[in-house]
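Student: These came from Swiss-Prot, pasted as-is:
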- C4: S-palmitoyl cysteine (LIPID)
- C5: S-palmitoyl cysteine (LIPID)
- C7: S-palmitoyl cysteine (LIPID)
- S11: phosphoserine (MOD_RES)
- S16: phosphoserine (MOD_RES)
- 76-114: repeat 'ARM 2' (REPEAT)
- 157-196: repeat 'ARM 4' (REPEAT)
- 198-237: repeat 'ARM 5' (REPEAT)
- 239-280: repeat 'ARM 6' (REPEAT)
- 282-321: repeat 'ARM 7' (REPEAT)
- 527-557: region 'Disordered' (REGION)
Amino acid sequence: MGSCCSCLKDSSDEASVSPIADNEREAVTLLLGYLEDKDQLDFYSGGPLKALTTLVYSDNLNLQRSAALAFAEITEKYVRQVSREVLEPILILLQSQDPQIQVAACAALGNLAVNNENKLLIVEMGGLEPLINQMMGDNVEVQCNAVGCITNLATRDDNKHKIATSGALIPLTKLAKSKHIRVQRNATGALLNMTHSEENRKELVNAGAVPVLVSLLSSTDPDVQYYCTTALSNIAVDEANRKKLAQTEPRLVSKLVSLMDSPSSRVKCQATLALRNLASDTSYQLEIVRAGGLPHLVKLIQSDSIPLVLASVACIRNISIHPLNEGLIVDAGFLKPLVRLLDYKDSEEIQCHAVSTLRNLAASSEKNRKEFFESGAVEKCKELALDSPVSVQSEISACFAILALADVSKLDLLEANILDALIPMTFSQNQEVSGNAAAALANLCSRVNNYTKIIEAWDRPNEGIRGFLIRFLKSDYATFEHIALWTILQLLESHNDKVEDLVKNDDDIINGVRKMADVTFERLQRSGIDVKNPGSNNNPSSNDNNSNNNDTGSEHQPVEDASLELYNITQQILQFLH
């Protein structure tokens, strides 16, 4: 630290040799003494701060330089919350035209900006404007320290929008193209910190940062690559930005696909996450596959790194939404690795994305359906169905519901004893889980060539199909009531005597249907609907001469439509009993 004051003797410029006032000479003497015992003193208050402040306000350039260097060294070692009295002299130094002072003052402010409270106070005291001015200068060290300080300030949420609207983004974008790697790192890091809110991302895009970030994906520096891939990943969260990227950045996808093979694990992960966000749009779902993304993704979902597995399975999940990609994904060898991901019981997200992808692939071509069953996906999903978080159960039940829609899959599902999972799932308190399970169960009761498994599951497990029908008839939830009635009708239309007898001879089921018929009939009567002539409606609210009541009529229309549909199904069922 003694070197901070040694410049008093050597400089020859006029400001350096300005006469030193007595109070300044005293401050120098005191400061040298304080520095000898610096580990025992607080330089942010009392005598040490007063001595430093005296030097800051001196007309002698050497004294200002000494103060700046002292502040830089002290703040590097001792970082804590400070007062306005500490920041004010540093901000004064920041406005100096002397490069040495600028470098040291920016460094000191950047050091203090590590503290969360200081970040807010620096911006409140007008620190952004002089920092922006320093960024726009020619001195590389000054640029580097000024950008580093803004990077630190931008980690505080309260500051982000102020920085975004301060005029800092354009010089930051310019400095991101600097030939000096330290400046480039700090600038891209600062831009990344500005991508955590939609409003700030919009400012960033408007400042022209996107083409720079995309071009820097080719950087040989892993830090710059990481900052740029992460920033672009965040920018791609917004639909408007994805559309703009699609129009203006034709090489973005191919660059990100290449980075999935980066030696840096975090770059690889962020590139994959960026592709995941882009794949929210249909056009990108196709483009990622065309750019050769599948071989990288199938390798990454088998990685030992959980963040990489999560990023890659989330990406393939989005890509699998597009029907044209389904066969290509299956051919690329994803099915068995996806099934293995269902064993990640410590990661609910990985399980959810894996099941969701399997669901998207399940009901495509006959070839894919066959490979799906051969992969062990049904058995693994059945195994997890009753022993996994609700979010995973929801995805599994949706997968079963999709599979059960295809007539060619029904017997395979029944032979896999899927009813052992579906029936208990109908008890779930989560309506999505119970509804999907019930829909799958209903479809499996419709148009199958062999009803042996249906008959075996009539009253077991958990009261069996019979119990499910009775519970859903009593649910007071129109969707569930509809599923129960439709299932009963399918069983009665099965042309299987044993199945028909099970339904017809069950008083609880038949009484439930009759009660539903009575309730829906009364509901429709109260609404003025003649169930014997549905086209006739006595409700005055629908009368052309009473147009002011149209809103009232439209409010009740969905309920009336649901009641009419339920009533009609009950009548079809009851005809089988005559």
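Positions of Cβ are set from backbone N, Cα and C atoms, glycine also.
Predicted, not measured: the structure shown is a model, and the values here were computed from it.
Neighbours and distances for these, please.
Tutor: Per DSSP, the repeat 'ARM 2' (76-114) is made up of 27 helix, 0 strand, 12 coil.
For the repeat 'ARM 4' (157-196), the residues of the chain that approach it from at least six positions outside its boundaries are 119-120, 123, 128-129, 131-132, 135-136, 140, 143-144, 147-148, 150-151, 203-204, 207-209, 212-213, 215-216, 219, 221, 223-224, 227-228, 230-231, 234-235, judged by C-beta separation under 8 angstroms.
Non-local neighbours of the repeat 'ARM 5' (198-237) in the same chain are 160-161, 164-165, 169-170, 172-173, 176-177, 181, 184-185, 188-189, 191-192, 244-245, 248-249, 251-252, 255-256, 259, 262-264, 266-267, 270-271, 273-274, 276-278, 280; each lies 6+ residues outside the stretch with a CB under 8 Å from one of its CB atoms.
Helix, strand and coil content of the repeat 'ARM 6' (239-280), in residues and according to DSSP, is 32 helix, 0 strand, 10 coil.
Long-range Cβ contacts of the repeat 'ARM 7' (282-321) within its own chain (Cβ-Cβ under 8 Å, at least 6 residues beyond either end) map to 242, 246, 253-254, 257, 260-261, 265, 268-270, 272-273, 275-276, 328-329, 332-334, 337-338, 340-341, 344, 347, 349-350, 353-354, 356-357, 360-361.
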Student: Give the residue counts of the repeat 'ARM 7' (282-321) per reduced DSSP state, in the order helix, strand, coil.
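Tutor: Breakdown, helix to coil: 31 helix, 0 strand, 9 coil.
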Student: I'd like to know the mean pLDDT over the repeat 'ARM 5' (198-237).
Tutor: 96
Student: Just to be sure I understand, if DSSP states are collapsed into helix, strand and coil, how many residues of the repeat 'ARM 5' (198-237) fall in each?
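Tutor: Taking the repeat 'ARM 5' (198-237) as a whole: 33 helix, 0 strand, 7 coil.
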